[in-house]
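Asker: I'd like to ask you about the structure that follows.
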Amino acid sequence: MILAGRAPSNTSTLMKFYSLLLYSLLFSFPFLYHPLPLPSYLHHTINLTHSLPAASNPSLANNCWLCISLSSSAYIAVPTLQTDRATSPVSLHLRTSFNSPHLYPPEELIYFLDRSSKTSPDISHQPAAALLHIYLKNLSPYINSTPPIFGPLTTQTTIPVAAPLCISRQRPTGIPLGNISPSRCSFTLHLQSPTTHVTETIGVFQLHIIDKPSINTDKLKNVSSNYCLGRHLPYISLHPWLPSPCSSDSPPRPSSCLLTPSPQNNSERLLVDTQRFLIHHENRTSSSMQLAHQSPLQPLTAAALAGSLGVWVQDTPFSTPSHPFSLHLQFCLTQGLFFLCGSSTYMCLPANWTGTCTLVFLTPKIQFANGTKELPVPLMTLTPQKRVIPLIPLMVGLGLSASTIALSTGIAGISTSVTTFRSPSNDFSASITDISQTLSVLQAQVDSLAAVVLQNRRGLGLSILLNEECCFYLNQSGLVYENIKKLKDRAQKLANQASNYAESPWALSNWMSWVLPILSPLIPIFLLLLFGPCIFHLVSQFIQNRIQAITNHSI
């Protein structure tokens, strides 16, 4: 970069001077170079990253560099398997807006854990009716004080391969979430917004419930399946779009299923049930047509149901038609799944959303390089250095299926509270024991951990500060077992020291119990004897000065 009014040579000299000054400060004040701590939520991610190569590509299990991006917004999206779209449940949140405070409690968020629970057998098949039944029958639903997380979790997420199935909902008005490129969607279900409402009367309440949308596509074709022929489903009465409850001994209801294209695997196919608006995953490898366990609330159902519902009081002689409250259906994914819409990821779909989304797992940006190559350590300079690092995306070396299976366990952190280091020695010993036991369990899943701990920590501090990649060297040296043994020995040593000190005559708890009653009356006397003469002298001097001043004034 050339500064205005200066020659390139002067600029180069100035940059060198600034660099030397910065290096001098770093060497003179080492605390300025102290590495930043690793975020706790990345602990399990790093350990899991070490186990990924051995699970899918043994050639990457050792003697290689794995680099993890520490940017909080840059993630890689891995498309979920076909079974995840049919078996992954979503949580239903009903947000109620009350206009009559004397009839209903204040606005609150109600979360249905299981609408098929025996504690509420009379709950209707429609969400709005279910909410009214809860209030009319004085049932106590689970109240979730924490609202769902709306808004994008990440904004720079990339998907390296095409997703097998996307869901698109386009409307002129709504909350835009983002659109995935058509080249990244093998097949897209287009949801058409409904134009009619279903009305149901319960007691004095009249419900206006949004009708189910339709699927606008010409690529789907009707197929014959056990689901399509009207298979009995135990949760059939819980679905919000069925006209009436259906018991197990009632005749099966015909339903039309549409087949989504799946050229990768002909033995498995994904079906869309337009009657119940569910996705079915069917395995055709056996003669019995194995059917995956279905969830009553699937991501497809959630995407179509995310809208607003209105409820009005029916006209009676004692009241006039009014609008006591409205219902807003909101859905959130569970089990570590996310909605990817464009380059942003979401856990929850807001009401009246618009865009093109798919289901993905999230993983940090991971790359690998040959262990024989030397990776330069980033230096803290005024100008960003252009580093040419031969990094290859991890998705190229690992299979997507193996990565998806491994990442489905979710991301969890192994963290130790700061208050542990302020606790007595016995609590500190117990925490070290817990850490050693945790590492022992993780060692069964991880082939090798980072051996060059000090070098990695120094590089890690700069990587977090500069928001760049952090590389860990993988080996099979057994360093973890040595550290575990040291931790256990240290915990035992601390426990013995704490026990010996507590039993010794110099322990504070042994002699303070009889010393304090003696010292409590002696301390005030000692303070009085120490400061009493000084205070008495000051008071006497003050009185003499005042008397002298009054005498002089009178004369």
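Backbone N, Cα and C define each Cβ position, glycine as well.
The annotation signal peptide is assigned in Swiss-Prot to 1-35 on the grounds of sequence analysis. Taken from Swiss-Prot, the feature topological domain 'Extracellular' applies to 36-515, supported by sequence analysis. Summarising the annotation, Swiss-Prot assigns N-linked glycosylation site to Asn47, Asn222, Asn265, Asn283, Asn352, Asn370, Asn475 and lists sequence analysis as the type of evidence. Residues or ranges marked as motif 'CXXC' in Swiss-Prot: 64-67. Marked as region 'Fusion peptide' by Swiss-Prot: 388-408. Under the heading transmembrane segment, Swiss-Prot lists 516-536. Among the features that Swiss-Prot reports, topological domain 'Cytoplasmic' is placed at 537-555, with the record citing sequence analysis.
I'd like to know what surrounds each of these features in this structure.
Answerer: Summarising model confidence by region, the topological domain 'Extracellular' (36-515) averages a pLDDT of 61.
The DSSP secondary structure for Asn222 (N-linked glycosylation site) is strand. Here the Cβ of Asn222 (N-linked glycosylation site) has 11 other Cβ atoms within 10 Å, regardless of which shown protein chain they belong to.
Under DSSP, Asn283 (N-linked glycosylation site) is assigned to a strand (E or B) in the three-state scheme. Of all Cβ atoms in the shown protein chains, 16 besides its own fall within 10 Å of the Cβ of Asn283 (N-linked glycosylation site).
For Asn352 (N-linked glycosylation site), the count of additional Cβ atoms within 10 Å of its Cβ stands at 15 [all protein chains shown].
Within the topological domain 'Cytoplasmic' (537-555), the DSSP-based counts of helix, strand and coil residues read 18 helix, 0 strand, 1 coil.
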Asker: Whole-number Å distance between the CA of Asn222 (N-linked glycosylation site) and the CA of Asn283 (N-linked glycosylation site)?
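Answerer: Their Cα atoms are separated by 17 Å.
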Asker: How big is the gap, in Å, between the Cα of Asn283 (N-linked glycosylation site) and that of Asn352 (N-linked glycosylation site), rounded to a whole number?
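Answerer: Computed Cα spacing between Asn283 (N-linked glycosylation site) and Asn352 (N-linked glycosylation site) is 34 Å.
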Asker: For the topological domain 'Cytoplasmic' (537-555), could you work out the same-chain residues 6 or more beyond its ends whose Cβ comes under 8 Å from its Cβ atoms?
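Answerer: Result: none.
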